[in-house]
């Protein structure tokens, strides 16, 4: 039962019981004694919603906090591994340098012995010196081999690549930011719960106070009415000479009764207004139950739609993995997983279709549903206006009665002013009601010729045309920078394999030709690309170290504030850029892991937007990742093929046909 109806019914029962009072004490019927199920008020609902929201926000915060801690822990561990390897690699490289220098010195000493052969009178002395020099060469070479082996062992240690480490750091920062946002939401939700709780308590206290006052007044009215009735009976049976005293008592009793009734009416009006403020829509319990059921059903539909979209995306990824599986075992495992996901998807889609049918069993179009909703809203408005007109007419009638019995000119003037104001309000409300009724059209007494229902040209729609096979996933052509990067990597590996036999291995650098080895090492001038401690730096012609963006040989590079060349993802002035392994800035499509990203001609990553490439539309989310499968955007559904391109026309998705309009939005109803 509606709370307002329950309270007023309870109070009315008190008045009815009071009408039959005799000498016994009046019986009080309290609202809390009524056995009805009471529908919660709007304030109570608001409080319950706030509590649910706060609980959800708290859970979200705890999840975000755990996620942030895990992400930071992973980044710290990866960073530590990387730093430890860099330190050991530096130490091993120094040992190789020292051993190489010792080999060179041993050869120089051997050469000196050979060149001073004429200085030895005894050949045995010469041979002895030569043998000693050879021993030093052998020992130095042995140390060099050991140093090279140690260097190879250190370099073979697997640590995250720079771009992977940057991604881990990025995820840790994003997770921390999400934790902060979740904490704010949780705190705000908790505050809203307290506010809602206080509002409920204040209103309940006010209602309880009014209920007590009304109950007391109803008892007093019943008692006064009983006394008046007794005096009237007594007056009818006494001698006419003795009526004066009884009439005086009766007049006084009636005055007290009228005063109590007026006060009771005022309190009841106040209670009704208070209850109306708690439930301004005045909906019945059936209407409220229906709305709650529909909301729950809509929630289930949304959950199933999200699950279907996730499964479709997962199936798409499995199909891609299946195409590149190396062994029969991998293929079999992927096929089993794919079959299981497809079965789960079919089950979810069947459940979704049943839910959608239950939401709209008549198969109405969206326009028809919108029209019905508008008419229902108009009906509701008309009902409210009709009730208001009835209330105003009743108030005018009461004012006219009071005006007829007014005692003074002041009372008359006040009542006349109030009557005029109420009549003006009635006239205005009546006009609004007439307009609403005219907008609704003819009432039930008039029959309209129904418009013919839309019929398809054929008794049954023809099978939907099968769309063309989706285009393959976008694979951007190799740019000149990417081709140069691959060629450079191949040449560097060959050069490394050759140099490890005689000198310390050096990391890649942007393809400078190896300079001829001078007999005596000479310091090279610091200009152009230089590798120091495993990092690349660029020195200008004046010897100063470059930082920030650098254009070199047609490619753009980004050098950190310490001058070190960046690779992988880099955030510069609020925009994300991707630097290839050789440091050159990427543009166009880039695949990082299993995810595609699109970088503008400036190198900046696109995010949270639609964009057109080669006459096809794509969408990237807030992280810049290319979307595939079903996408809900601004209230409409779109379908993006496995290659990310937006579908239009007929599309078959997991055995069901859908029609996508020219703008990509999914059509419903007749097409």
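A Cβ is built for glycine as well, from the same backbone N, Cα and C atoms used for every other residue.
Annotations in TrEMBL come from automatic prediction, not curation.
Of all ranges given (208-228, 229-249, 250-270, 271-291), TrEMBL attaches the label region 'Disordered' to 271-291. Range 353-383 is the one annotated as region 'Disordered', of 322-352, 353-383, 384-414, 539-569 (source: TrEMBL). Outside the repeat 'Cell wall-binding' (627-646) by six or more residues, the chain places 305, 308-309, 312-313, 316, 319-320, 470-474, 596, 610, 616-621, 653, 658, 660, 664-666 with a CB less than 8 A from a CB of the stretch. Below 8 angstroms of C-beta separation, residues 480-481, 510, 535-540, 572, 577, 579, 583-585, 603 of the same chain, each at least six residues beyond the ends of the repeat 'Cell wall-binding' (546-565), sit close to that stretch. Within the chain carrying the coiled coil (294-328), a Cβ under 8 angstroms from the stretch's Cβ atoms is held by residues 334-335, 337-338, 341-342, 344-345, 348-349, 351-352, 355-356, 358-359, 473, 594, 628-632, 642, 653-654, all 6 or more beyond its ends.
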